[in-house]
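Pulled from TrEMBL, these are the features on record:
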| type | residues | note |
| --- | --- | --- |
| TRANSMEM | B:33-51 | transmembrane segment |
| DOMAIN | B:93-307 | domain 'ABC transmembrane type-1' |
| TRANSMEM | B:97-118 | transmembrane segment |
| TRANSMEM | B:139-163 | transmembrane segment |
| TRANSMEM | B:183-205 | transmembrane segment |
| TRANSMEM | B:226-246 | transmembrane segment |
| TRANSMEM | B:286-307 | transmembrane segment |
Amino acid sequence: MRKTKTSLLAAVLAVFMILVSVTTACSSNSEETGQSSNSPTQSAAPQDNSNEATTYPIQTDKNLTYWAGINSNLAGIRSSLDEVPFFQEWQKRTGVPLTFISPTAGQQKEALNVMLASGEMPDVIEYSWISFPGGPEKAIKDGYIISLNELIDQHAPNLKKYLEEHPEVDRLVKTDTGNYYGFPFIRGDESLLVFQGPIIRQDWLDELGLEMPTTIDEWYTVLKAFKEKKGATAPLSFLSEGRLAALGNGAIIGAFDINQGFYLDNGQIKYGPAEPRYKDFLATMSKWYAEGLLDKNIATTDQKTLDANIISGATGVSLGNAGSQLGKWTPLLSEKDPRAVLAPAPYPVLNKGDVPRFGQLDNAFAVNGTAAITSKSKNPELAVKMLDYAYSEEGHMLFNFGIEGVSYTMENGYPTYTDLMMKNPDNLAPAQALSLYIRGNYFGPFVQDKRYSEQYNVLQSQKDSIEVWKTDAKSTKLPPITATPEESTELAKIMTDVDTLVNEMTLKIILGSEPLSSYESYMKKMETLNFDRAIEIQEAALDRFNKR
Amino acid sequence: MRPSASPSHAGKPVKSKEFVVSRLVKDLALNRYLYIMMIPVLAYYILFQYGPMYGAIIAFKEYSPIKGILGSDWVGLTHFQSFFESYYFWRILKNTLLLSLYSLCFEFPAPIILALLINEVRNKRFKSIVQSVTYMPHFISLIVICGIIKDFTNSGGLINTFITYLGGDGQAMLQKPELFRSIYIISDIWQGMGWTSIIYLAALMNVDQEQFEAARIDGAGRLRQIWNVSLPGILPTIIIMLILRIGNLLSVGFEKIILLYNPAIYDTADVISSFVYRKGLLEFGWSYSAAVGLFNSVVNLILLVLANRLSKKFSENSLW
């Protein structure tokens, strides 16, 4: 009797667990979808070929759904976009009521993935479509989003005008076959393109009587001095997700005349880790690591650890953005140590006097926040009209400066942020207050104005940074090229394996768990991963881009 | 789960189809309330457990949500092939199996030992405190656990501070491939041991007290009692749990892995699910992930059936 009792309990448990394991195995793959295959033609929409400017607010009784992330500056201040004054004003001005859907912060890609798989799509999706697997062309071809060529031509006079006046931008925002896939985020001035680079403890340099370092050798001297004389336990530290993520734009590694990923070298596509000089870079980094100059936890450093390192004085040199890092660390650090000064440092080079060839430089078309219209939208025309507002004179002011009299006032023809923004009575940092009223300080489908950053970068170090971080990256930066939908699957397949290999090799050699000499054997393995084909695909993509 | 048919028919040979039908009709009439009571359960399984399984066919298709599951193009075994031919296939298979086997060797016995120990405690108050304290970690969210693990194991973390204090050499432990499996398993034991021990404690409750008494009269000490009474008493439960565990040999969840790993320790930390996460999910490769998922499920099912059969043969305990 006893035995039957226990085995009954066990049997119930067993059946339960089997079912759980079976469902978890299948449920993630079996999202059911609507069978209707909406073809992405707009033939159903009433054709009115008027090319007149839309009058805002638009008189409409229709409602659009809009998918966009909530900016991280708003974390803890507003929980949904409906509650953000900017988005309320935007709806009022355009006359189009919007229902917002926002993914969990930091999970945009997963959320988009699940949403697309479910087949339930909103009218507008704001996403960095250029990084959509297979590129925007594939997103159109697979029927997620629609090509906007006709719609922009007929209903978006403001964007059309901007693109006509700026052919160099026009080239960036469409696909190889000439499809417009979204309303782009455009950085409207050269000075807005550079915002990231090395950051150093200026007060330590002064105290130790050291010059601002410009070469790798000088960096070594400075880091050593920071460690020995200032007691820094992690003299150089930075974000390191994957393969030392913070170096992705070419800091430090650029001194060796290569970059972390694909780059241009006299019009030729190269891949940094496959170049022999990558070994020199690894040698330097592993030496720094062994001597305790590079953060001991470099493989696991995240934002939280890095912030703690800077503020506690464990780190003297890092890499970051003028706004989100330099701007954040400076007040926090001076709270703890009033004499502390953070300053931007130039990108290091190998030989004194050289101009750094690599560094952070955005394209005028920044990839974040491209607003695309989905194939499921019943009112693509209305969506286009609504989105075009941002590129008008009035919309430009709203997106960059907010509401006149509330977030800015005109002083001698210069839109000046009010104290509500810059010295917020509720103690919000400028970045947070601005995020409530404008989109200029992050991204979105509009043209960014440089008068925003002139005021936003309040610290002298931030203002200096644009000049200090200047590099020759224009000649080495790869434009936003995309593989064809067919090739992109192949490219992705090769590159996931190559990335795994290179990430692993890089960290292992730097951390000293494998000798420098193993670099060659890794390169041999890389050949077997069909890496040459990846270069071929990228070259073809570049050719197509150049022919645009 | 089987319908409780009236036992009177048992043993009668089935003569013809008509006979079966008439028997069924008779039984339906006889036990109609039992059958009616079964309908919701049956409907639940068909609708929510078996129904969604048809979606697994996307493993053989190039799934596109716009075309739907049925409308997507067939690609045969392409996704399976690309998984098996993947450069890292053998490594991730090895890591998955090793992690699973280690967990079988160290994690599986832990709750049994804990349950036996708790069972021997005579002080009720102390017993319930120990039980509550050991379940507690089960309720902490995984992401918090992983945050704690990361903080404890970094070069300036708790564990390293302790090691340095004892004169050792502090190091970032999550950067050492050779330490990953230990960190993973030890933290798993810490988190899951108390919770899983409930099942064994429940089984121990069912062990006849008279047997203990008899053993004591025969002069058996505590250890003898555990060995000869408690353990055999919960053996059926242990075996069932073991069979189930073997049925999950290929499923190492990706959540904990991706929260803890980094490229420096791919050598030991990269498993099938984390690889698929990188390759499949982030690249929107629904079909690819489905193919790997299906492969895992099939292998797990085979292992489960085998383990069950072996157990039936050698210990007379089995799932079915």
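Cβ coordinates are placed from backbone N, Cα and C, and glycine is handled just like the others.
Under 8 Å from some Cβ of the transmembrane segment (B:286-307) lie the Cβ atoms of residues 55-56, 58-63, 72, 75, 79-80, 82-83, 242-244, 246-251, 272, 276, 279-280, 319, all in the same chain and six or more residues away from its ends.
Under 8 Å from some Cβ of the transmembrane segment (B:226-246) lie the Cβ atoms of residues 104, 108, 112, 115-116, 119-120, 199-200, 203-204, 206-208, 211-212, 215, 220, 303-304, 307-308, 311, 315, 317-319, all in the same chain and six or more residues away from its ends. Non-local neighbours of the transmembrane segment (B:97-118) in the same chain are 127, 130-131, 134, 181, 184-185, 188-189, 192-197, 199-201, 204, 226, 230-231, 234, 238, 241-242, 245-246, 248-250, 252, 268, 271; each lies 6+ residues outside the stretch with a CB under 8 Å from one of its CB atoms.
Listed by sequence, the residues of this chain that lie at least six past the ends of the transmembrane segment (B:183-205) yet keep a Cβ under 8 A from its Cβ atoms are 99, 102-103, 106-107, 110-112, 114-116, 118-119, 131, 133-138, 140, 145, 149, 153, 173-174, 230, 233-234, 236-238, 241, 256-257, 260, 269.
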